[in-house]
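Heads up: the structure comes next, in structure tokens.
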Amino acid sequence: MAEFETTFADLGLKAPILEALNDLGYEKPSPIQAECIPHLLNGRDVLGMAQTGSGKTAAFSLPLLQNLDPELKAPQILVLAPTRELAVQVAEAMTDFSKHMRGVNVVALYGGQRYDVQLRALRQGPQIVVGTPGRLLDHLKRGTLDLSKLSGLVLDEADEMLRMGFIEDVETIMAQIPEGHQTALFSATMPEAIRRITRRFMKEPQEVRIQSSVTTRPDISQSYWTVWGMRKNEALVRFLEAEDFDAAIIFVRTKNATLEVAEALERNGYNSAALNGDMNQALREQTLERLKDGRLDILIATDVAARGLDVERISLVVNYDIPMDSESYVHRIGRTGRAGRAGRALLFVENRERRLLRNIERTMKLTIPEVELPNAELLGKRRLEKFAAKVQQQLESSDLDQYRALLSKIQPTAEGEELDLETLAAALLKMAQGERTLIVPPDAPMRPKREFRDRDDRGPRDRNDRGPRGDREDRPRRERRDVGDMQLYRIEVGRDDGVEVRHIVGAIANEGDISSRYIGNIKLFASHSTIELPKGMPGEVLQHFTRTRILNKPMNMQLLGDAQPHTGGERRGGGRGFGGERREGGRNFSGERREGGRGDGRRFSGERREGRAPRRDDSTGRRRFGGDA
């Protein structure tokens, strides 16, 4: 007897949602969707334990969408996400799922976007709000977000919000929501802090546990490039030129990005096309047919649009935007290496996305090697190789004698000057090279690449390795470690704003990705504060800090001048730690004891401290993309 397969219709979903799922290519529910949707449709609270990428966005979106009232122009569903990338992704997914529900609007609220843009969107009366905890809390304090009509609350990746330090904001938001709403919480792990939230805010939640099905692909050569030195679209062109591929698929996060990247590639002479959820089925099939028969070489797609895509020609996958989960990454790179062919996969990683790279590596139990951006020398070599291949192809053609006869008719410009065939060949070579010149200008010098701290890169330390402590009075005062010349900056937040040293340290460390050991003395005044940071801060970092907010107030950071040298033993913020306790060497942001301020952050100049182990085993050095591994 054939095994019965559950469909989305079997779960009780109505026609508008089923129609949207059909448009998006969803065929059958994933395990977490099959488990969660019936409970959420019946109004139960749900506690879902599943890895990201298991389909949980649809698991909570579909039933909550079905239960909302499109006529009520007020927030009825609130989704909390740890990052703006995930918030945008969830908002787009819910927009797609509700495309056939008349009058339903979705808004994403996250830091970095202008408030006036978000306020205009909120005035339209969206029924669904997706946002990061910090920005949602800002709107609640301003009175611009009304949750009095809320019927459904979702905490997506709750353990990640805990890891990033948002859990207090999450609890503050949840405490302001009126009783009687439905709550769904999803987390890959279940630490005690998350358990505490479930006990305090959830009503007899139905637990759903789904095991991860991630598998690795040893037949696919994988690598990543840290975004640095040029824009991603410019770097993409370099990588495509350096790599030999039959066909490629470029994965991006949003529909707009598919169009932007496709336009950039078309400008550079690549035969490419976008594939996104706004395309009708006929156009989608036509685009895929062009890719299969060789009329199209590069496809730029979102995860949803690429669902079910199977084209043997694809030999290269570029993750232009890093996926938010490991399973999506595996699904993406699985588009190459089909039918026994070798495949290559490249991942673009921005500095603030390094945790996502670590998650992928941990889940897949492998280390993805880093590659360098192809330089001018490599590009010149590749262009010459491709041009030589075209010349060789013409040398094998049968009608060369006709063209050889034409050579005698090409006369030199000066009378009596003999025709030099080598010079003539060089002139023809220059004419035939096209827009991609065979002689590539050397790369402009770039600032040294900065090294960025990643908590997971610190090796375990045994407390017994510290050696004897000795009597306190016998120990010399701890001297401030030499981190180079410092400069003094002023920020426009002070004691009157309720700011504490820990708020400033957190903002600088998180927004600038700077290790706390490079943050010097901080002094709090009534209306402002001063902070010492390493000399040579790049202009874009200072500009970013100018816009960064602490307790909802812009820092407006300004350089005052060089910091005065200090005697040994001085302490930041009057010699107290982040919580007011006296520090011995300080603590890192995860609460672990840090003797002598251990950690591996970066300076603005990009220099590494001597005596430190490298972040990963780089004994073989970085690989060149497109070169020999």
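Glycine residues also receive a Cβ, built from the backbone N, Cα and C atoms like all the rest.
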- Which one of these stretches, 6-34, 383-411, 499-527, shows up in Swiss-Prot as motif 'Q motif'? 6-34
- May I have the DSSP-based helix, strand and coil counts for the residues of the domain 'Helicase C-terminal' (232-379)? 66 helix, 29 strand, 53 coil
- Item | Secondary structure at Gly55 (ATP binding site), reduced by DSSP to three states | coil
- Item | Cβ packing number for Gly55 (ATP binding site), 10 Å threshold | 18
- Task: Could you tally the C-beta atoms, other than its own, that fall within 10 angstroms of the C-beta of Thr57 (ATP binding site)?
- Result: 24
